[in-house]
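Q: If you scroll down you'll find the structure; I have some questions about it.
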Amino acid sequence: MGRAKRVVLAYSGGVDTSVCIPYLKQEWGVEEVITLAADLGQGDELGPIRQKALDSGAVESLVIDATAEFVRDYAFPAIQANSLYEGRYPLSTALARPLIAKLLVEAAAKYGADAVAHGCTGKGNDQVRFDVSIAALNPDLKVLAPAREWGMSREETIAYGERFGIPAPVKKSSPYSIDRNLLGRSIEAGPLEDPLHEPLEEVYALTKAIANTPDEPAYIELGFDQGLPVTLNGQALAPVALIQQLNAIAGEHGIGRIDMIENRLVGIKSREIYETPALLVLIQAHQDLESLVLTADVSQYKRGIENSWSNLVYNGLWYSPLKAALDAFIQQTQQRVTGTVRLRLFKGNATVVGRSSEQSLYSPDMATYGAEDRFDHKAAEGFIYVWGMPTRIWSQTHRA
């Protein structure tokens with residue numbers, strides 16, 4: 001008897017998930033494999049996937065357009081949280097995993113599957129994100145992970161697939177592993193496994209090399225409503241369209257490349273390349289607007305919440321009680337994060353050059369050093385005396 005009768009497989013069309021189809025049937029005795037590919041903004045890349053899955057042995061191939069849901073329910077909360085794992089990575093790939101897990105669980109219920117499966121290896125973070133998210137949504141649903149058990153190298157995996165007529169989507173001489181959605185691309189493996197190796201220009205697709213970017217800067221204005229991006233250069237746009245347009249504008253100016261050594265949840269370090277033009281610019285603009293409208297204590301406390309939120313999402317705990325509690329705090333802080341941020345895009349850099357909001361806490365007549373100054377300078381002496389009292393008492397008590 002096989003490990004399951006009917007399985008819904010998270011499918012990308014890549015090497016591992018394609019090989020999973022014959023492997024589940026030939027090695028694990030699965031009778032029927034239904035593939036599910038989530039369209040999260042890949043666009044034309046998903047065109048041949050449906051037929052490829054069927055050619056590889058799937059009984060049914062599902063392609064679900066979840067791009068709007070992805071942006072609305074996953075990317076936008078990440079912007080409100082200013083999510084940057086280890087201060088750099090905006091979670092472009094990690095954010096997709098809980099949504100794909102949700103789609104898998106829903107498809108399993110709809111098609112009467114007794115298990116779901118994914119093609120994650122035992123060294124990555126995605127296996128945790130999928131397994132934990134699926135368990136949170138349906139603790140009784142079995143999860144199969146062939147690539148975690150089959151013990152094949154990437155070259156052996158490609159060879160196994162070729163035995164069943166599955167063409168390799170990459171050259172064996174340069175086997176990059178690439179994941180893409182509307183928010184950006186992640187690239188790893190191959191020559192990138194050497195942390196000293198400079199990525200070749202062939203690695204990038206969304207961003208221009210600095211040498212090829214325009215010699216004149218571009219200025220853009222981003223409008224936010226309660227922490228959510230709503231306008232680009234004064235034009236109201238749907239969430240997906242806004243990110244698409246901003247990806248093109250920022251990528252044209254070489255903005256959005258990340259090359260980092262990342263600490264994975266499983267305890268190893270990994271060299272990762274990311275391209276996330278729009279997401280990085282939106283987080284930068286959102287952070288700046290918050291500095292204008294939030295009180296100092298809320299802003300400072302939120303930094304710790306943001307770090308915890310980013311770690312939870314990176315580590316696969318999107319559906320955890322702690323993240324839900326942090327979500328509530330973040331949403332409370334966003335009620336007055338409404339306004340406009342102006343940025344200068346030039347030669348790989350996005351620089352905030354202006355911001356405005358009707359909710360602004362910036363008081364010109366309190367901040368100015370000119371004749372309009374209304375700050376009570378005489379009050380400073382008493383404030384300093386009280387503020388410094390603990391330090392003064394400590395010094396008086398312990399001085400030699």
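Cβ coordinates are placed from backbone N, Cα and C, and glycine is handled just like the others.
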Q: What does Swiss-Prot list, out of GLY119, GLY122, GLY124, as binding the same ATP as ALA10, TYR11, SER12, GLY13, GLY14, VAL15, ASP16, THR17, SER18, ALA38?
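A: The one candidate that Swiss-Prot places in that ATP site: GLY119.
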Q: For the recorded L-aspartate site, enumerate neighbouring residues of the same chain (Cβ within 8 Å of the Cβ centroid of THR121, ASN125, ASP126, site residues themselves excluded), in sequence order.
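A: For the L-aspartate site, the extra neighbours are CYS120, LYS123, GLY124, GLN127, VAL128, ARG129.
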Q: Secondary structure at SER177 (L-citrulline binding site) (DSSP, helix/strand/coil)?
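A: Strand, per DSSP.
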Q: Within a 10 Å radius of its Cβ, which of these binding-site residues (GLY14, GLY119) has the fewest neighbouring Cβ atoms?
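A: Among the binding-site residues GLY14, GLY119, the sparsest Cβ neighbourhood within 10 Å belongs to GLY14.
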Q: Starting from the Cβ of SER177 (L-citrulline binding site), draw a 10 Å sphere and report how many other Cβ atoms land inside it.
A: 17
